[in-house]
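Below is one structure, written out as structure tokens, with a few remarks after it.
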Amino acid sequence: MNIRISALLIICCSFLLFDVTAQVTPADIHKSTMVYGTKDSLELKLDLFTNAKPVTKQPCVIFMFGGGFMHGERDNKLYSAYFQKLAQNNFKVISIDYRLGLKGQKWPTVFNTQVLKKAIAMAVSDLYDATAYLIANAEKLDIDTSMIIVSGSSAGAVATLQADWEKRNSMASTHVLPAQFQYKGVIAFAGAILSYIGKPVYQIPPAPTMMFHGTADKIVVYNKVKLFNRGMFGSAYLAELFKKKNYPYYFQSAKGRGHEIAGTPMSKNLDDIMWFIHTYIQQKKHYQMEVSFKDLYNLPNN
């Protein structure tokens with residue numbers, strides 16, 4: 001079943017880059033911190049948020065923060081509303097550290113993507129290690145390993161899309177995870193896939209994928225940038241690929257908006273996200289949905 005929606009939304013409030021107001025974890029949400037690994041002499045930690053009311057074997061969402069692979073924190077308050085919404089709906093939320101491969105490096109160009117390739121590979125490797133840690137400790141942490149979703153913002157969104165693509169193609173990077181394991185879903189806020197082997201293809205269908213992206217994003221490519229067999233393939237390109245291949249996906253395109261879409265859905269689209277998880281992942285509906293968002297009262301200056 002295919003569902004395609006083009007919605008022109010007229011609202012009276014503009015997009016904000018992020019809501020930086022400090023938020024306190026509600027009393028009904030419990031937070032704990034643990035170390036999931038050590039790499040390059042760096043201790044990698046994760047924060048686990050869970051509903052204080054005991055529910056055994058909860059599904060979980062692994063989250064990767066944004067920051068251009070140069071900076072960022074797993075416990076940034078910018079993500080609090082998102083984490084709380086998920087936890088209050090009986091999902092365990094795991095926000096992870098990962099190594100910042102572009103820290104102290106020159107920004108990559110279309111002619112020099114090796115440093116970006118390495119940074120993405122490091123982040124994906126750390127995500128796989130965190131996933132393996134959760135699988136190994138699933139009984140102790142009461143995690144349903146058949147229902148692990150990955151989510152990320154900006155650089156974190158790139159890493160999560162990349163990780164699902166590499167796992168679906170059984171690439172060498174995935175060896176730390178059980179062969180039969182697959183992520184149950186992907187939620188990406190302004191993400192993309194970097195490929196050195198031509199246009200991305202999937203040996204087996206990708207996880208149901210939810211993507212948000214601004215058409216004027218200058219940080220993470222909205223459509224694609226390609227040179228010979230190397231390219232960065234953004235949300236718009238992936239949505240078109242998924243549509244052609246009959247893969248389930250949800251894509252919200254924000255007309256004229258930039259990289260703020262790496263953050264705003266985590267406060268503005270929480271109900272949409274929960275609907276996606278419930279419908280696409282838990283109910284296993286094979287829908288294709290596209291939402292075209294344009295705020296006519298707050299058009300960007302050209």
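Placement of Cβ uses the backbone N, Cα and C atoms for every residue, glycine included.
For reference, TrEMBL has these:
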type	residues	note
SIGNAL	1-22	signal peptide
DOMAIN	46-191	domain 'BD-FAE-like'
Suppose you look only at the domain 'BD-FAE-like' (46-191); what would the mean pLDDT be? 95
With DSSP helix as H/G/I and strand as E/B, how many residues of the domain 'BD-FAE-like' (46-191) fall in helix, strand and coil? 56 helix, 36 strand, 54 coil
